[in-house]
Amino acid sequence: MSRSSYKRILLKLSGEVLMGPGQFGIDSETVARLAQEVKAAKDSGFELCLVIGGGNIFRGIAGAASGMDRTAADYMGMLATVMNALAFQDALEKIGVDTRVQSAIPMATVCEPYIRRRAMRHMEKGRIVIFAAGTGNPFFTTDTASALRAAEMGCDALFKGTSVDGVYNADPKQDPTATRYESLSFNRVLSDNLKVMDAAAVALCRDNHIPIVVFNIREQANLALVLSGQGTATIVGKEDS
Ligand SMILES: Nc1ncnc2c1ncn2[C@@H]1O[C@H](COP(=O)(O)OP(=O)(O)OP(=O)(O)O)[C@@H](O)[C@H]1O
Ligand SMILES: O=c1ccn([C@@H]2O[C@H](COP(=O)(O)O)[C@@H](O)[C@H]2O)c(=O)[nH]1
């Protein structure tokens, strides 16, 4: 299946990207811009579900590094993703997109709990489902949650919208000489320990034959380009090139 023939996709948005030009939290202009781009993708015929990270608010590993119990810190990270999901739902509904937030940690007065069959039904009705609170378990990330939900929802691909334009042979933010792959295999990402996504997420996608498309969502209008098979991105799940 080529990149342009995917129909149902899971879009993972980096939490950090929601900060926009800021250093923390949610930038309303950036969220509104991203919501417009997601609406355009839906209007062009894609069936979409979303996972949003929490790195703009709290990461468990940072809490643990400053002395917190890791599990408590991870629950805080998961709650951060719920805040982002609600902000994104608000932005989508303001522009007329029907959405549901489902949380892996039940919080009945805030949003729906995650129920797979119900999420499927929402998607069949043309709603965008935003999966919040990651997997609901500490020691995981929203990348793993994205891979898990993509498999559960029968998605054709997982699009990771982040702050780099693909997978490099080293972290491009640390090594300016790093070079970008057009495509590479799941096993290459794992064996070379490329940290653009956590290993559990990559293995889950590999085992369920879900390609991962890594692209820069900070760049305006890039989502539409990448969805249509153009634009700069790396596809994980093909042979190395
Ligand atoms: N080999 C690599 N190729 C590309 N990026 C890499 C690589 N190794 C590490 N990275 C880093 O991975 C980051 C993207 O993954 P990360 O999980 O940190 O972000 P995210 O999931 O998009 O954010 P958030 O946690 O805010 O939701 C990039 O910012 C990049 O610096
Ligand atoms: O399944 C999960 C997903 C996330 N967490 C915690 O949330 C934060 C934010 O998620 P990011 O993927 O880093 O954006 C993460 O650092 C974990 O602390 C989790 O515990 N379980």
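Using the three backbone atoms N, Cα and C, a Cβ is placed for every residue, glycine included.
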For the ATP site, TrEMBL lists LYS12, LEU13, SER14, GLY15, GLY55, ARG59, TYR168, ASP171; sort out which one of THR71, THR162 goes with them.
-> THR162
According to TrEMBL, GLY54, THR135, GLY136, ASN137, PRO138, PHE139, PHE140, THR141, THR142 bind UMP; identify which of ASP69, ASP74, ASP165 is listed for that same site.
-> ASP74
When the pLDDT values for the domain 'Aspartate/glutamate/uridylate kinase' (7-216) are averaged, what is the result?
-> 97
Report the nearest neighbour of THR135 (UMP binding site) in space among the binding-site residues LYS12, SER14, GLY55, THR162, ASP171, comparing Cα positions.
-> LYS12
Quick one: of the binding-site residues LYS12, GLY54, THR141, THR162, flag those whose CB is under 6 Å from ligand 2, and say none if nothing qualifies.
-> GLY54, THR141
Residues among the binding-site residues LYS12, SER14, PHE139 that border ligand 1 - Cβ under 6 angstroms, in sequence order = SER14
Nonlocal residues around SER14 (ATP binding site), in sequence order (Cβ under 8 Å, 6 or more apart) = GLY53, GLY55, LYS160, GLY161, THR162, SER163, ILE217
In the same chain, outside GLY54, ASP74, THR135, GLY136, ASN137, PRO138, PHE139, PHE140, THR141, THR142, whose C-beta lies within 8 angstroms of the Cβ mean position for the UMP site?
-> GLY60, GLY77, MET78, GLY134, THR144, ALA145
